[in-house]
Amino acid sequence: MKFLYGTILIAFFLTVMIATHSEARCPPCFTTNPNMEADCRKCCGGRGYCASYQCICPGG
């Protein structure tokens, strides 16, 4: 039974990770680039923002 729960947990984790990364398709945000916030916004059609190292595109 633990194997089944482990398999379901791994499948869920991978699904979330794939959905998160394929949704944005924008480069990661780095603090060394002063224009990163603008680049993220441009990549997301004017609505993106940097959250930690990740560029987030709200609204799909």
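Positions of Cβ are set from backbone N, Cα and C atoms, glycine also.
Neighbour density for Cys26 (disulfide bond): within 10 A of its CB lie 19 other CB atoms from the protein chains shown. The annotation disulfide bond is assigned in Swiss-Prot to Cys26-Cys43 (among others).
For Cys29-Cys50 (among others), the entry in Swiss-Prot reads disulfide bond. In sequence order, Cys29, Met36, Glu37, Cys40, Ile56 are the residues near Cys50 (disulfide bond), counting only same-chain partners six or more apart with C-beta under 8 A. DSSP gives Cys50 (disulfide bond) a strand state.
DSSP assigns Cys55 (disulfide bond) to a strand segment in the three-state reduction. What Swiss-Prot records for Cys40-Cys55 (among others) is disulfide bond, and it gives similarity to another entry as the kind of evidence.
Swiss-Prot lists Cys44-Cys57 (among others) with the feature disulfide bond. Cys44 (disulfide bond) falls within neither a helix nor a strand when secondary structure is assigned with DSSP, and so counts as coil.
Residues annotated as signal peptide in Swiss-Prot, with experimental evidence given as evidence: 1-24.
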(message) Rounded to a whole angstrom, what is the C-alpha distance between Cys44 (disulfide bond) and Cys26 (disulfide bond)?
(response) 8
(message) Cβ atoms within 10 Å, counted per site: which of Cys40, Cys43, Cys55, Cys57 has the most, among these disulfide-bonded residues?
(response) Cys40
(request) Fill in the CA-CA distance, Cys55 (disulfide bond) to Cys26 (disulfide bond), as an integer in Å. (result) 6
(request) Could you check what DSSP calls Cys29 (disulfide bond) once collapsed to helix, strand or coil? (result) coil
